[in-house]
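Per TrEMBL, the features are as follows:
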- Cys155-Cys188: disulfide bond (DISULFID)
- Cys156-Cys172: disulfide bond (DISULFID)
- 20-44: transmembrane segment (TRANSMEM)
- 64-86: transmembrane segment (TRANSMEM)
- 98-117: transmembrane segment (TRANSMEM)
- 235-260: transmembrane segment (TRANSMEM)
Amino acid sequence: MSRKQHHFKGAEVSCCVKYFLFGFNIIFWLLGAAFLSIGLWAWAEKGVLSNISSITDLGGFDPVWLFIVVGGVMFILGFAGCIGALRENTFLLKFFSVFLGLIFFLELTAGILAFVFKDWIKDQLNFFINNNVKAYRDDIDLQNLIDFAQEYWSCCGAHGPNDWNLNIYFNCTDSNPSRERCGVPFSCCVKDPAEDVLNTQCGYDVRLQGELDQQKYIYTKGCVGQFEKWLQDNLIIVAGIFVGIALLQIFGICLAQNLVSDIRAVKANW
C-alpha cells in the first residue's frame, strides 16, 4: 500500500472543523482590526502618536486604551487562529488555544476575586471614579464616558453631586474663578421631556441650593450605588453575557485542539 493510499484510508483533517475555526477567527480578527483602528485613529486625533510623552499628561482613564488593548488582543488571536487553521500550522493553533485559555483563566479568577473581595472592589471603584472626576476636562473621550455613565444610570459623582468639588472647575472654593463654580456637568441634570435642545448650562450654581431643591434639577444619587442597583436588576442578563463569552472561548479552544489532534494524526501516518 502506498503512502498516499494509507493517508487516504487513515486519519484525515476534518474540513468542517478547519473551515469553521477559520470563519470563527476571521470575524474575531476583523473586529479586532476595527477596534484597533478606532483606537489608533482617536490617538492620532489627540496628537498622542506624534508625541508619546503626552500619555503621561492624562490625569484620568483614557477610554481609547480600551479600544487599543482589546483590539490588539483580538487582532493577534484572530490572526493566529485564521492562519493556523488555514495553513494547518500547529504552532499558531497552540498559541491561539493557550492564549485564549489564559484569558479565560484570568476572567474566571477576576470573577472569583471580585465576589470574594467585593468591598475592596467597591473602594477601588470609588477611587477610580473620583480620579476621573478630577480629570473630567482633561480629555474629551473621558468626558464623554463620564457623561454617558451619569445619564445612563441617572447619577452624579461617585457618591453624590458634592464629589464634583474634586474638580478644579466645579469646586465651591472662593478662589475658583470658573463660571461652573458650585455646579455640576449637564449630564447630572434631570432631563425635561419638553426640551428639544440640550441645555449644557443646566448644572450651573445648582449646588448653592439646598439638597431638597437640588433634587428638582439634578440627580443626587451617586454612580457607585446606581451601578450596584443596575447590576442587581440585570444580574441574569449580565451573567448570561459572561457565560456566553466563556462558552465561545471554550468552544474556540476545543476546535483548535481538535484540529491540532487531526494534524498530528495525519503526520503520524506519514
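Every residue, even glycine, has its Cβ placed from backbone N, Cα and C.
TrEMBL annotations: computationally assigned, not manually curated.
Only residues 6 or more beyond the boundaries of the transmembrane segment (98-117), in the same chain, are considered here, and those with a CB under 8 A from a CB of the stretch are 73, 76-77, 80, 242, 245-246, 249-250, 252-253, 256.
The disulfide-bonded residues considered are Cys155, Cys156, Cys172, Cys188; of these, Cys172 has the fewest other C-beta atoms within 10 angstroms of its C-beta.
Note on the transmembrane segment (235-260): residues 13-14, 17-18, 20-21, 24-25, 81, 84-85, 88, 90, 93-94, 96-97, 100-101, 103-104, 107-108, 111 of its chain, located 6 or more positions outside it, place their CB under 8 angstroms from a CB of the stretch.
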